[in-house]
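Quick look at what Swiss-Prot annotates:
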- ASP148: active site, proton donor/acceptor (ACT_SITE)
- ASN7, GLU384: Mg(2+) binding site (BINDING)
- LYS14, HIS208, LEU209, GLY210, ASN211, GLY212, ASP283, PHE284, ARG285, GLY331, ILE332, GLY333, GLU334, ASN335: ATP binding site (BINDING)
- ARG91: substrate binding site (BINDING)
- HIS180: site 'Transition state stabilizer' (SITE)
- ARG241: site 'Transition state stabilizer' (SITE)
Amino acid sequence: MKVLVINAGSSSLKYQLIDMTNESALAVGLCERIGIDNSIITQKKFDGKKLEKLTDLPTHKDALEEVVKALTDDEFGVIKDMGEINAVGHRVVHGGEKFTTSALYDEGVEKAIKDCFELAPLHNPPNMMGISACAEIMPGTPMVIVFDTAFHQTMPPYAYMYALPYDLYEKHGVRKYGFHGTSHKYVAERAALMLGKPAEETKIITCHLGNGSSITAVEGGKSVETSMGFTPLEGLAMGTRCGSIDPAIVPFLMEKEGLTTREIDTLMNKKSGVLGVSGLSNDFRDLDEAASKGNRKAELALEIFAYKVKKFIGEYSAVLNGADAVVFTAGIGENSASIRKRILTGLDGIGIKIDDEKNKIRGQEIDISTPDAKVRVFVIPTNEELAIARETKEIVETEVKLRSSIPV
């Protein structure tokens, strides 16, 4: 089975074509600047050949048409025609409370995605554009929707409810949803394999650390707590997001600075985090370099980030009543040995000790803990596209079996 995985953003469309026979990526591509001047599509195939093409991409449909051309190109393509693609898997950020798993796309699923537009106004609408374009260009090809929020639907009510009047939850769906679910699920499953235990018997803390960051407590293979909340703003300090703060700061700053609701939202989401503290950058590599040269604000930004992660690891150790492993993944989690060390230093009291030399190894799954550590620490590169492809394959094959078992 060949699965096309699509992640549509407001002005971009990422894609991978994965051969599920051996779970290998045949082609990886990106359409950028959709609806903007100087649009470009880039695609790299399994043998290293790379296509770069400047072209007009007014809409997501135009972008997907270019994807079709690239995948079937005589020189840079990897298939003869789109009929070789058996299914399409789409990433959708928000599924609300309606989806605890991925779902085969139909009119009901489409309505549910649109119902969540107000919960994820920056993400669900462009996700839907990608789905609609695909339905038009590849009619008859089954599509599976994989929701970022679905993995966290196993949280108990006392974990996902806020201590606000209950009717606000009933009327507006105000509760914790959590995000990065596909990544957290993937690395938790990999960690269980590295532990040599069935997922049902594990307690794992997964740390997805990138420009957007979240931490999840996974017990028995299920999410029981996560750091992001009603929106991805809650939780850790991030690249440009402030994370959890005293809510009273919001009206205080609106009054003192004369800010509108949109302006305070922009301040917290786009101008805060390590960028806001450092006044320099949201790129942790820049901050690492600046801090090493004595930039105090860059150092403070890194200290705040590491401290918040450390607190959540301790908190989730309590939630799980002890953890078997802590996992680091995503851009920072996988690649920054210095930030991992900042986070993990001083956690020997809860059984975490790391080997400094192992911690410096990059680009592979590795146990960086010392032999005598009670809690294993794994660095596991995430692969959300493969996770989406696996979900897509499973759901499509299950649906085919169900249909074939129904008597005519």
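FYI, residue positions are counted from 1 along the chain as it appears here.
Using N, Cα and C of the backbone, Cβ positions are placed for all residues, glycine too.
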*Taking just the CA atoms, what is the gap between GLU334 (ATP binding site) and the residue listed as 'substrate binding site' in Å?*
22
_For LEU209 (ATP binding site), the one of ASN7, ASP148, HIS180, ARG241, GLU384 that lies nearest, given that the recorded positions are compared by Cα_ = HIS180
*ARG285 (ATP binding site) to the residue listed as 'substrate binding site': how many Å between their Cα atoms?*
28
*Report the largest Cα to Cα distance, in Å and rounded to a whole number, among the residues LYS14, HIS208, LEU209, GLY210, ASN211, GLY212, ASP283, PHE284, ARG285, GLY331, ILE332, GLY333, GLU334, ASN335 that the record lists as binding ATP.*
24
*If you count the C-beta atoms lying within 10 Å of each candidate's C-beta, which of the recorded positions ARG91, HIS180, ARG285 ends up with the smallest number?*
ARG285
_the residue listed as 'substrate binding site' and the residue listed as 'active site, proton donor/acceptor', distance between Cα atoms, whole Å_ = 7
_ASN211 (ATP binding site): nearby recorded positions from ARG91, HIS180, ARG241, GLU384, Cα cut-off 10 Å_ = ARG241
*List, in sequence order, those recorded positions among ASN7, HIS180, ARG241, GLU384 whose Cα sits within 10 Å of the Cα of LYS14 (ATP binding site).*
ASN7
*Distance between HIS180 (site 'Transition state stabilizer') and ASP283 (ATP binding site) at the Cα atoms, whole Å?*
20
*asked:* By a 10 A CB contact count over all chains shown, which of the binding-site residues listed here is most packed: ASP283, GLU334, GLU384?
replied: GLU384
_Measuring Cα to Cα, how many Å separate ILE332 (ATP binding site) from GLU384 (Mg(2+) binding site)?_
16
_Helix, strand or coil at the residue listed as 'substrate binding site' [DSSP, three-state]_ = strand
*Per DSSP, to which secondary structure element type does LYS14 (ATP binding site) belong, with helix, strand and coil as the options?*
strand
*asked:* Around the C-beta of ILE332 (ATP binding site), how many further C-beta atoms are within 10 angstroms, looking at every protein chain?
replied: 24
_Just to verify: the residue among LYS14, ARG241 with the fewest other Cβ atoms within 10 Å, which of the recorded positions is it?_
LYS14
